[in-house]
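For reference, the structure is listed below as structure tokens.
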Amino acid sequence: MPRPQLFSLEIPDDPTLSDVEDFSSPGFLWTYLTFYAAGATLVASWTCFVLSIDAFAATYPDGMVGFVFPVVNMSSLLVITLFMLVTGRQLPLNLRMIGGFVSLLLSIVLVPLLQIVPGIDLHVRYVATLAMVILTSMASALVQSSTYGLGAVFGPTFLQAIDGGKGIGAVVLVAARVITKWLYDQDTPGLSSVALFFGLAFVIISISFGLYLLLPYNAFASPKLDAYVRIQILTPLALPLPSPVRSPSKPAFSTSETTPIVLKDAPSDDGGSILNVLRQAWKPVLMCFVTFCVCLACFPGLTTSLQSETISATWFPVVLTAAYTLADLVGKSLPMYVRLLTVETLHYPIVLQLAFLPLFMFDVVHPFVLPDVVAIGLVASLGLVTGYVGTSAMVLAPTTCSEVEHELVGMTGSLATITGLFAGSYVGLLLNFIVQLLMTTA
């Protein structure tokens, strides 16, 4: 008769690992680059759609792509992230990550093909492109929630690596879009440059996928992956709901000789439940939501309405996007070197963040009052604050919970981020409606 596996909620220390984990540790740099590349992957797909919105708008002039794409994207992100938090994390890590990467690569290939292959009806192209937006969003959310959960187990440095990868990935993609648009935008809708641009995103995602597949062979990462699996087994998401067909005196599941057994000295409270995580990490989770809600309410919504006296209307949005992206990269990288915020002081920047809303609205309603350098500085400041506060919140969130809850708190923070983006997209629409009313009555 096989003996049951015995597990404890205490994660044992691995004797092969040193107490100090830094870039001098064998395999640390490889692991760091894996998470960094994963961060670039998380922004690659959606950034491709955002930076190519001009070509999609020209291809589908009646498709309202500037409104439909963001709503579809954020809605899909929210749905799949909720699924991951409620039950999806119980799926094997490789199934989630490999499935997400393969779906991303498939969508990145199919989107430009749908635009350039002749003989396809315009409505079919549009519907199929929307389907690819949904597939891309769901795959990106699947990889993001899993990556943040894994990063929370690996440690704060790797959470910072994810956000740093997002920043540098966005910078590379902005530069690539400018170059491809400049050199290969001779056709009217600009689909040649879009195809090359999406091809670069395919390369970025492929590199990240390859690094992940090699991660189990990394001496530094292998024991932490084992710890991740142990945590996944031992931490239920929440207490089971009462069933009308099950007697209260009977357990929810029957046990057998092969069922893993948690030792009796393990904690008896619901240490791995969502509610318990929220009770302890509510402030970092809330700050993730507020930070990205304010961000998306302003950028790219209100910022695309800003006007310039000295820069042409076709290039001013590019300048603003570059300013935001570079500042966001700096903000995401700073928490690794300068920790200005703690769990107790994490809410201090809220006033500064909320101040961006009236400032951008004023600049839109009263164009040319503020010089261009001020408008560019405002956008850059938004990127810097969003990057720094958002990354700080994600890094600080796991410090409020026990070790076995690190994966769950990482996924909860990811959900708060996506929920903030979802809410911010609608807040931006509301602010734009208010701006239009103010401009008509001025």
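Positions of Cβ are set from backbone N, Cα and C atoms, glycine also.
Summarising the annotation, TrEMBL assigns transmembrane segment to 33-58 (among others).
The transmembrane segment annotation in TrEMBL covers 64-86 (among others).
Taken from TrEMBL, the feature transmembrane segment applies to 98-117 (among others). Sequence-remote contacts of a segment are chain residues at least 6 beyond its ends whose Cβ falls under 8 Å from one of its Cβ atoms, and for the transmembrane segment (98-117) they are 41, 44-45, 48, 55, 59, 125, 128-129, 132, 135-136, 138-140, 142-143, 146, 189, 191-192, 194-195, 198-199, 201-202, 205-206, 208-209, 212-213.
Outside the transmembrane segment (123-143) by six or more residues, the chain places 38, 41-42, 45-46, 49, 56, 59-60, 63, 68-69, 72-77, 79-81, 84, 88, 96-97, 99-101, 103-104, 106-108, 110-111, 114-115, 418 with a CB less than 8 A from a CB of the stretch. Annotated transmembrane segment per TrEMBL: 123-143 (among others), in sequence order.
Residues or ranges marked as transmembrane segment by TrEMBL: 164-184 (among others). Through the fold, the transmembrane segment (164-184) approaches residues 35-44, 47-48, 51-52, 190, 192-194, 196-197, 200-201, 204, 318, 321-322, 325-326, 328-333, 336, 387, 391 of its own chain, all at least 6 residues removed from its boundaries and within a Cβ separation under 8 Å.
Sequence annotations record features per position, and here TrEMBL assigns transmembrane segment to 190-215 (among others). If you look at the transmembrane segment (190-215), the same-chain residues 6 or more away from its ends with a CB under 8 A from one of its CBs are 30-31, 33-34, 37-38, 40-41, 44-45, 47-48, 51-52, 54-55, 58-59, 97-98, 101, 104-105, 108-109, 111-112, 115-116, 169, 172-173, 176-177, 180-181, 183-184, 221, 225.
Long-range contacts of the transmembrane segment (285-303) within the same chain, counting only residues at least 6 positions beyond its ends with a Cβ under 8 Å from a Cβ of the stretch, are 50, 278, 317, 320-321, 324, 346-347, 350, 353-354, 356-357, 360-361, 364, 379, 382-383, 385-386, 389-390, 393-394, 397, 409, 412-413, 416-417, 419-421, 423-425, 427-429, 431-432, 435. Here TrEMBL flags 285-303 (among others) as transmembrane segment.
Positions annotated as transmembrane segment by TrEMBL: 315-334 (among others).
Annotated transmembrane segment per TrEMBL: 346-369 (among others), in sequence order.
Feature annotation from TrEMBL assigns transmembrane segment to 375-396 (among others).
Taking Cβ pairs closer than 8 Å, the transmembrane segment (408-435) reaches residues 70-71, 74-75, 77-78, 81-82, 84-85, 89, 141, 144-146, 148-153, 159, 235, 237, 272, 274, 277-278, 280-281, 284-286, 288-298, 301-302, 305, 357, 361, 364-365, 390, 393-394, 397-398, 400-401 in its own chain, all 6 or more past its ends. If you look up TrEMBL, you'll see 408-435 (among others) marked as transmembrane segment.
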